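Peer 1: Here TrEMBL flags 9-89 as domain 'Prepilin peptidase A24 N-terminal'. Taken from TrEMBL, the feature transmembrane segment applies to 71-95, 102-121, 127-146, 153-175, 187-220, 232-254. If you look up TrEMBL, you'll see 111-215 marked as domain 'Prepilin type IV endopeptidase peptidase'.
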Amino acid sequence: MLILFYLFILGLFLGSFFNVLSDRLPQEQSILGRSHCDFCKKNLTVLDLIPVYSFLSLKGRCRYCHKKLSYFYPLVEILTGCLFVIAWITTPIVIPTAVNLLAARIITIGLFSVLLTIFMADVKYHLIPDSLQFVFLVLALCYHLVQAASWLMLGSFIVSGILVMLPILILYLITRGRGMGFGDVKLAFVIGFLLGTIPGWIALYIGFIAGSVVGVALLITKKKKLKSQIAFGPFLIIGIVLSVFYQTEIIRVWQSFFIY
Ligand SMILES: [Zn+2]
């Protein structure tokens, strides 16, 4: 149990780092520079960077200019802590050796992390940085290797990537990139490569449904105009998560529509 506590704390700190990544990578800023306040640009000290605690102790304001900081930051830190714990617990045991299980768990934590960062970058900047796509692809490959996929299986996962990418690629070509970006096409490939064809298609399907529900809701509440885009990547990521955890339930609902 102690390991879960440490993972949660590690998640809090890394969540703070993912916040920074999701802002800097889409804007092509260096990820090594010191963190500063968004408003007064003053460099932050270690005291300002303790996850959650700094935010609470300063009552959500910058220590220097006292401007209000977004609740987004501490929430993402806590979410990352929770995701690390969930990843650790839910990694499927394919090969029951300690080394394999540990490696699979670390890679799953990496997958959760990169998806969270892509999610935030796409929501905020409507952009999925190629560096994050690449990390996602490498982690997906490592996951298959650790879970003992054979070369033949790896080949089939590449085919799955192409099959899951196809619908998005066609939409991209038809809408000439106005409906979705090429980032979504690349993301769909990695989703298929990681999950396989059917679970990948389920992720797309959920992504489309969630995207249209939210899109219509935003139109009705007049938060968005018909022409303005909403990023599709975050809905795909929600699709991945639901597909991984609720595949069988989703397929059962489908079947109940088609089989009497
Ligand atoms: Zn400030």
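In case you wondered, yes, glycine gets a Cβ from its N, Cα and C as well.
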Peer 1: So which of 102-121, 127-146, 153-175 has the most C-beta pairs under 8 Å when paired with the transmembrane segment (232-254)?
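Peer 2: Per the Cβ count, the answer is 102-121.
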Peer 1: Would you kindly list the residues that approach the transmembrane segment (71-95) from elsewhere in its chain, counting only those six or more residues past its ends and only Cβ-Cβ distances under 8 Å?
Peer 2: 3-4, 7-16, 18-19, 51-52, 55-56, 60, 101, 104-105, 108-109, 111-113, 116, 120, 147-148, 245
Peer 1: For the domain 'Prepilin type IV endopeptidase peptidase' (111-215), what are the DSSP-based totals of helix, strand and coil residues?
Peer 2: 89 helix, 0 strand, 16 coil
Peer 1: Please list the DSSP helix, strand and coil residue counts for the domain 'Prepilin peptidase A24 N-terminal' (9-89).
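Peer 2: Going by DSSP assignments, the domain 'Prepilin peptidase A24 N-terminal' (9-89) contains 43 helix, 4 strand, 34 coil.
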Peer 1: Counting only residues 6 or more past its boundaries, what in the same chain has a CB within less than 8 Å of a CB in the transmembrane segment (187-220)?
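Peer 2: Here the qualifying positions are 111, 118, 128, 133, 136-137, 140-141, 143-144, 156-165, 167-169, 226, 230, 232-233, 235-236, 238-240, 242-244, 247, 250-251.
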